[in-house]
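Participant: Just passing along the structure, written as structure tokens.
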């Protein structure tokens, strides 16, 4: 029987150091865009000065409940996705941390429906109080829509056969309601398997990303960070798959260079608004201790003096 895993925060010390810098007890306002179970937030609060502030965001009601146990007056949390961080005052934040993806408590709770390893309701919503579940969406989606989601968000080469198999099963037996049923359908449609990977891995990833609009929220959060970060403020993002990392990498690259307007070739360029600092992968020891760290990539950038 699979046992739920205790959540271990990936790149904990590296991320907090990148966010706060080398100074002792920094002041300023910092943002933890993904509170989760509070691994990063608690360490930030330990190292933050008495005048510092930490604002956390999370869509998950269980994360909000966990955050309620923090009684530190310097801490506050908002029951919102990190796409709302841009609503903070302009140039008011000294650092933004985004730890993307799903936490172990979410993955390992069968009732959340994130994992093919446990049989449970096919939900996958980060915020269970709003929006469609995966089961509800699959009940009405067309074959082409399902294939597009699985292909674009899961980078799954068997997206077409999987989508056809889902619709065929739905037509024959009614709506697909459980993770086990979906995993069984996918396994039957995927003819070759990648070594060490369950055939349902990419499909489950794709549906989770789609149903939670994860990539759109990430793009909004990155844009929002330009608005709220003060000059010298840090942007720290930990991603866990290539789609996320590509967005972060391209965003930092786009804003780390001068931009010329082709329609006005003699106009001065728009100066860069970010300075790329580093890219960090977990150590061999961390990956050995926490298998979920193996795909993590952390990118760090610094806000320049240029106004948003």
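In case you wondered, yes, glycine gets a Cβ from its N, Cα and C as well.
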Participant: Can you tell which of 22, 24, 58, 127 Swiss-Prot lists as binding S-adenosyl-L-methionine with 38, 39, 40, 82, 99, 106?
Facilitator: 58
Participant: Neighbours of the S-adenosyl-L-methionine site 38, 39, 40, 58, 82, 99, 106: Cβ within 8 Å of the Cβ centroid, same chain, sequence order.
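Facilitator: Here the nearby residues are 9, 32, 33, 34, 35, 36, 37, 41, 56, 63, 103.
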Participant: Please find which two of 38, 39, 40, 58, 82, 99, 106 have the most distant C-alpha atoms, given that the record lists them as binding S-adenosyl-L-methionine, and give only that distance in angstrom, rounded to a whole number.
Facilitator: 17
